[in-house]
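Visitor: According to Swiss-Prot, the protein has these features:
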type     : residues           : note
REGION   : 1-92               : region 'Disordered'
COMPBIAS : 30-47              : compositional bias 'Acidic residues'
COMPBIAS : 56-72              : compositional bias 'Basic residues'
BINDING  : 195, 303           : substrate binding site
BINDING  : 215, 226, 423      : divalent metal cation 1 binding site
BINDING  : 226, 295, 328, 423 : divalent metal cation 2 binding site
C-alpha cells in the first residue's frame with residue numbers, strides 16, 4: 001500500500017516424498033487385493049471339499065482391505081484451504097534470505113545476533129504465514145484475472161481468498177484484527193497509481209489495454225505483508241513493468257541496517273529512469289513517481305512513520321535492526337507526480353487519534369464498529385457494507401473531519417498516462433535481510 005510523501009507520514013512441499021509414499025500405498029493395496037483373490041479361490045475349493053467330508057474345517061476369514069492413506073492436504077482452486085492446515089507444525093516457508101552488505105557482514109556470524117534472531121521466531125512465523133497466504137492468493141489471481149471481469153469481482157475474489165487462507169472471515173467482532181485482510185485490495189488502473197478499490201455499485205470492467213496495479217495485504221496478528229504487482233494483457237507495456245520491477249529489486253538490494261533512506265531513493269531512481277517505453281509510436285521515458293514512497297510497517301499499522309523515497313535527495317533517516325519495510329516503487333509515462341482524484345474508498349483510524357467529543361450519534365456508532373472490527377487496520381466502504389452498516393457516509397466524513405479517521409483518496413498522474421507498481425515486504429533481521437513476500441512470480 002502506497003505512502004504519499006506529502007502526507008503524514010520451498011513453496012509448499014506437497015510433492016516429493018508424498019508421491020513416493022502414495023506409490024508405496026498403491027502397491028500395498030494391490031498386493032492386498034491379490035491376497036484377497038487367492039483367499040477367495042481357496043475358500044471355494046475348501047467349500048467343495050467340505051461338502052464331501054462335512055464341515056470339518058472352518059472357512060478362512062476374508063482379510064479386510066487396507067485403506068489408502070490420504071496424502072498431504074493440497075490447496076483448492078479457488079484457494080480456500082487455510083494455510084495453517086497445509087503447515088500443521090506452524091513452520092512456514094522462509095522468504096528470500098540475503099546477507100547484509102559491506103560493514104554489516106559481521107551480523108551473519110555474530111553469536112549474539114544469531115541468538116536474537118532465534119528469539120524472534122514467533123514474530124517471523126506470523127510474517128511467513130501471512131506471506132504464504134499472499135503468494136498462494138496472488139498466484140491464483142494472476143492465472144485467473146482476465147479482461148471482461150468487473151473490478152468488484154476481482155477485488156472480492158482476492159479478499160475472499162485471503163480471508164479463507166488466514167482462517168479469519170472478519171464477520172465477528174475482533175476477528176479481522178486477529179488475521180485476514182491487512183488492507184483493502186487496490187486495483188488501480190492506468191494513470192491511477194494507488195489507493196483505488198471499487199465502492200458498492202461500481203461497474204468498472206477490466207479492459208484488454210489496461211495496466212492494473214494489484215496491491216493487497218494479508219496479516220496474522222497484525223503482522224501485515226504488503227506486496228503488489230502489475231498486470232497487463234498487451235506486451236507493449238513490458239518495458240514499463242521491467243523498469244519498475246528492476247527499481248523495486250534495486251531498492252531491496254540497497255536496503256539494510258543503518259542505510260540512509262536517501263541513498264536507497266537515489267539507487268531506485270537511477271534504475272527506474274534508465275528505461276523507456278514505446279506506446280503507439282511514441283517513446284516515453286519511465287519516470288519515478290517522486291511523491292510516492294515505500295514505508296515501514298508496525299503491528300496493525302500499515303504506515304509506521306518512516307518513508308522510503310524512490311527519488312534522490314531528502315530523508316537522511318536510517319533503517320534500523322528489527323524493522324519491517326514495504327519497498328515499493330512506481331513508474332509512470334506521465335509527469336511522475338500524483339494528485340488526489342476520484343471517489344475515496346480507503347480509510348484507516350489514526351494510531352494516535354485525538355480525543356474528540358463527537359456530536360453525531362452516527363459518528364459515535366461507526367467509530368465503535370471501526371474500533372471493534374479494524375482497530376488501526378485500513379478498511380474500505382465495502383467492508384462496512386459487509387458488516388451490515390448502512391447510511392454511514394455522514395458519520396464517516398465527520399470522523400475524517402475530526403482527525404480520528406484518515407482518508408486515502410486515489411492517487412493519479414495525468415490522464416492518458418500509464419503507471420506501474422511492484423512491492424515487497426522485507427524484515428531486517430539481526431543476522432540477515434529476509435524478503436518475506438518473495439515468490440517465483442516476482
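Indices start at 1 and increase along the chain as displayed.
Here the Cβ of each residue, glycine as well, is placed from N, Cα and C on the backbone.
From a predicted model like this one, the values you see are computed outputs, not experimental measurements.
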Visitor: Test of understanding: give the count of other CB atoms lying within 10 angstroms of the CB of residue 195 (substrate binding site).
Guide: 29
Visitor: Between the binding-site residues 195, 295, 303, 328, which lies closest to residue 423 (divalent metal cation 1 binding site), Cα to Cα?
Guide: 328
Visitor: Considering only the binding-site residues 195, 226, 303, which fall within 10 Å of residue 328 (divalent metal cation 2 binding site) when distances are taken between Cα atoms?
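Guide: So the list reads 226.
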Visitor: Neighbours of the divalent metal cation 1 site 215, 226, 423: Cβ within 8 Å of the Cβ centroid, same chain, sequence order.
Guide: 1, 2, 186, 216, 217, 227, 228, 326, 328, 421, 424, 425
Visitor: Which of the listed binding-site residues (215, 226, 328, 423) has the least company, meaning the fewest other Cβ atoms within 10 Å of its Cβ?
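Guide: Relative to the other binding-site residues in 215, 226, 328, 423, 423 has the fewest Cβ atoms within 10 Å.
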Visitor: Cα of residue 303 (substrate binding site) to Cα of residue 295 (divalent metal cation 2 binding site): how many Å, rounded?
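Guide: If we compare the Cα positions of residue 303 (substrate binding site) and residue 295 (divalent metal cation 2 binding site), the gap is 6 Å.
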Visitor: Give the three-state DSSP assignment (helix, strand or coil) for residue 303 (substrate binding site).
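Guide: Its secondary structure by DSSP: coil.
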Visitor: Other than 226, 295, 328, 423, which residues of the same chain sit close to divalent metal cation 2? List them in sequence order, counting a residue when its Cβ is within 8 Å of the Cβ centroid of the site.
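Guide: For the divalent metal cation 2 site the neighbour list reads 1, 2, 3, 215, 227, 228, 294, 297, 325, 326, 327, 424, 425.
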Visitor: Please work out which residue of 295, 303 has the most C-beta neighbours within 10 angstroms of its C-beta, and give that one of the binding-site residues.
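Guide: By the 10 Å Cβ neighbour count, 303 comes out on top.
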